[in-house]
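Below is one structure, written out as structure tokens; comments come after it.
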Amino acid sequence: GDDIYDEGPGPTSPPTTNLVIRGAMLFSVGVFLALVLNLLQVQRNVTLFPPDVISSIFSSAWWVPPCCGTASAMIGLLYPCIDRRLGEPHKFKREWSSVMRCVAVFVGINHASAKVDFANNVQLSLTLAALSIGLWWTFDRSRSGFGLGVSIALLATLATQLLVYNGLFQYTSPDFLYIRSWLPCIFFAGVITMGNIGRQLALYEYKFVQEKTHQD
């Protein structure tokens with residue numbers, strides 16, 4: 001069943017190669033999502049990159065997707081690790097269809113931030129905050145997930161403030177110091193999404209290792 005993958009290091013403990021493979025997969029997902037979401041934001045001119053979309057993806061902010069990829073890999077590997085440490089295996093909705101829905105909802109939340117017109121930014125931020133917490137409630141529901149999501153979102157927001165402050169890129173109409181006030185909600189939803197993918201990969205790997213040991 002899917003109720004155990006917090007077995008601590010035993011004879012079936014997955015080797016580093018599996019960890020690297022998982023990290024690489026998470027990295028690619030992160031880069032892919034960053035490119036897709038960047039396109040959405042550029043179309044709406046939320047971030048000021050050159051108007052030519054293709055060149056804007058590859059020149060002005062070339063460092064954004066790798067950063068997102070690295071963060072995604074770290075988050076995706078961290079979540080299963082923390083579940084193990086806390087001895088709370090994550091049992092809620094553990095199948096790929098649920099993970100795919102989670103990714104779709106995350107992209108949807110981003111799409112809303114770029115496309116839907118709200119009367120003011122406070123409304124937009126509150127709506128996105130509600131959607132992000134809804135995403136966590138629908139696909140995660142673990143306290144560790146929520147805590148990690150909030151702390152990583154705050155750190156990422158701080159990092160973005162510093163990048164904007166140092167002039168690496170800028171938001172078209174910042175309303176919260178140097179950035180848009182809805183950014184932490186997007187980060188939170190992203191962390192929950194990557195955490196979900198990471199847990200699912202860890203579970204998949206655990207089952208694979210278990211089957212191998214049974215065969216041996």
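Just so it is clear, glycine is given a Cβ too, placed from its N, Cα and C backbone atoms.
Here is what TrEMBL says about this protein:
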TRANSMEM  19-40  transmembrane segment
TRANSMEM  122-139  transmembrane segment
TRANSMEM  146-165  transmembrane segment
TRANSMEM  177-197  transmembrane segment
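Among 19-40, 122-139, 177-197, 177-197 has the largest number of CB pairs under 8 A with the transmembrane segment (146-165). Using a Cβ-Cβ cut-off under 8 Å and counting only residues 6 or more beyond its ends in the same chain, the transmembrane segment (177-197) has close neighbours at 26, 29-30, 33, 46, 71-72, 75-76, 78-79, 98-99, 102-103, 105-106, 109-110, 113, 121-122, 124-125, 128-129, 131-132, 135-136, 139-140, 145, 148-150, 152-154, 156-157, 160-161, 164-165, 170-171.
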